[in-house]
Amino acid sequence: MTPIHVAKFGGTSMADADAIQACVQVVEQTQNPTLVVVSACAGVTNLLIRLADSQTSVEKQRLFTEIKDKHNGIARATTAAEVCLQQLDELHQQLWQVVDSEIPSSLAERARRRDQIVSFGERCSSLLFSFFWRHHHDDASVVDARSFLQTNDRYGQAEPDFVQTANLCKALGERLQAGEKLVTQGFIGTCPQGYTTTLGRGGSDYSAALFAAALQAERLNIWTDVAGIYTTDPRVCDDARPLQEISFAEAAELATFGAKVLHPKSLKPAIEHGIDVFVGHSRKPQLGGTLVSAKPQQRPSIRAIALRRNQTLLTVNSVDMLHATGFLARLFDILARYDISVDLVTTSEVSIALTLDEEGSQANGQSLLPAAMLEELSAFAKVNIEQGLTLVAVIGNDIGHFGDISPKVLESASPATIRMICQGASRHNLCFLVADDDADNIVKKLHAKL
Ligand code: ADP
Ligand code: ASP
Ligand code: MG
């Protein structure tokens, strides 16, 4: 049996007919049976989210038409345009039916409705991909990811049930081995109640990794709009360089600290199942890319810099904390009860500062800072909230064991204020929090120094 590959194409790779044709070319170059996993066409998920939340029929119509026109424009470039447009129209009609329904008042039901609406982005783009693929193989077809990817019902942030997913994927593996050309959707799944779920923004990488693990694939290829993982975000820093290789641990840290090129959860299935991950440019595959693996040839002390914007810093201050026990337990108990996920923590004698994980905390349409939670915290401590912050993280190996990094961080940040700094818990990162407006400049300076 030839080992299976999984090829994932992100939103910009699905942006228009030319981009999709480039993706098909990439898949056609592979000898291995390949499951294709696609994101929604660029911009469509954002439009769908706005559509799900829009209140007026004028706005709904406008957004719906924009989405429909985008998909239909791409469909017209396929050779079987008539059939493609007809199948798209069925999907668009189903979408309109949900959009036209009243927005439920309960948060959970609203989140469920939103997932259902948002799923049409990937459902339409996978259909489009299959029609372009048919230019090479008339039997190329779409398989609905919701028949394979089982999740819980945390709408907007669903967690996969890997055992069930792996079981369901067995038949998929056999079809791929038999030579079928199959494309499926990233980002979406089904919960036990039978409703559509989504894995969180950027979740197609995660879906692709889950499919790769379930299919016991040899390789997961993430095709995107950059030629691999860079030393920092190439959009922020012109000097950023592509990396030929990186370890799983380093890549996981980079992704967790904001390098959008990979979804933070996407590496876990690959690590657990020993699947090499390759990141490359779908329109320029000849540029090569980055291989993420368990054993890169080199493990430099500093590998890359990541930045994550829109951070919320919560400072909780209580004089009761002086020489007291149980304060932290009480604080974290409250956060846990409201399902708030905490990222970084620093403490002093009477106060604690923590950053909140925006994505992880907002399943089922919940707010990041629920009023009832703030009320509970305020009952025993002074609470301060700061927003508009960016977290900058230096990623590498044995960071802190070499004395030369901290002065470079401080020099690069100067004269801006560092609101928080964390080092020591992980051998792979040193991170600090600065104002959003200062972040790009600091990253450029730090990148040059390192
Ligand atoms: P896709 O739609 O293909 O999933 P994303 O926009 O999610 O693509 O991720 C690719 C983007 O990630 C790049 O355009 C780049 O701006 C950003 N990015 C952030 N950090 C890095 C990094 N270290 N290396 C490469 N790209 C990065
Ligand atoms: N379409 C989804 C999003 O925009 C998932 C993805 O692109 O990975 O977040
Ligand atoms: Mg992405």
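Just so it is clear, glycine is given a Cβ too, placed from its N, Cα and C backbone atoms.
Listed in TrEMBL for this protein:
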type    : residues                                                                 : note
BINDING : LYS8, PHE9, GLY10, GLY11, THR224, ASP225, TYR230, ARG235, LYS260, VAL261 : ATP binding site
BINDING : THR45, GLU122                                                            : substrate binding site
DOMAIN  : 316-388                                                                  : domain 'ACT'
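Cβ neighbours within 10 Å of GLU122 (substrate binding site), excluding its own Cβ and spanning all shown chains: 29. Cα of THR45 (substrate binding site) to Cα of THR224 (ATP binding site): a distance of 16 Å.
Proximity to ligand 1 at the level of Cβ atoms, with a cut-off under 6 angstroms, picks out none of the binding-site residues LYS8, THR45, GLU122. Calculated from their C-alpha atoms, the gap between LYS260 (ATP binding site) and GLU122 (substrate binding site) amounts to 19 Å. Reduced to three states, the DSSP call for GLY10 (ATP binding site) is coil. The average pLDDT computed over the domain 'ACT' (316-388) stands at 83. When the Cα positions of LYS8, PHE9, GLY10, GLY11, THR224, ASP225, TYR230, ARG235, LYS260, VAL261 are compared pair by pair, the longest gap among these ATP-binding residues is 22 Å. In this structure, GLU122 (substrate binding site) is part of a helix by DSSP. Once Cβ contacts within 10 Å are tallied over all protein chains shown, the binding-site residues LYS8, LYS260 are led by LYS8. Classification of THR45 (substrate binding site) by DSSP places it within a helix. Among the binding-site residues THR45, THR224, TYR230, residues whose Cβ is positioned under 6 Å from ligand 2 are identified as THR45. For THR224 (ATP binding site), the same-chain residues lying six or more positions away in sequence with a CB closer than 8 A to its CB are PHE9, GLY10, THR12, SER13, VAL261, VAL279, GLY280, HIS281, SER282.
You'll find the Cα of TYR230 (ATP binding site) roughly 27 Å from the Cα of GLU122 (substrate binding site).
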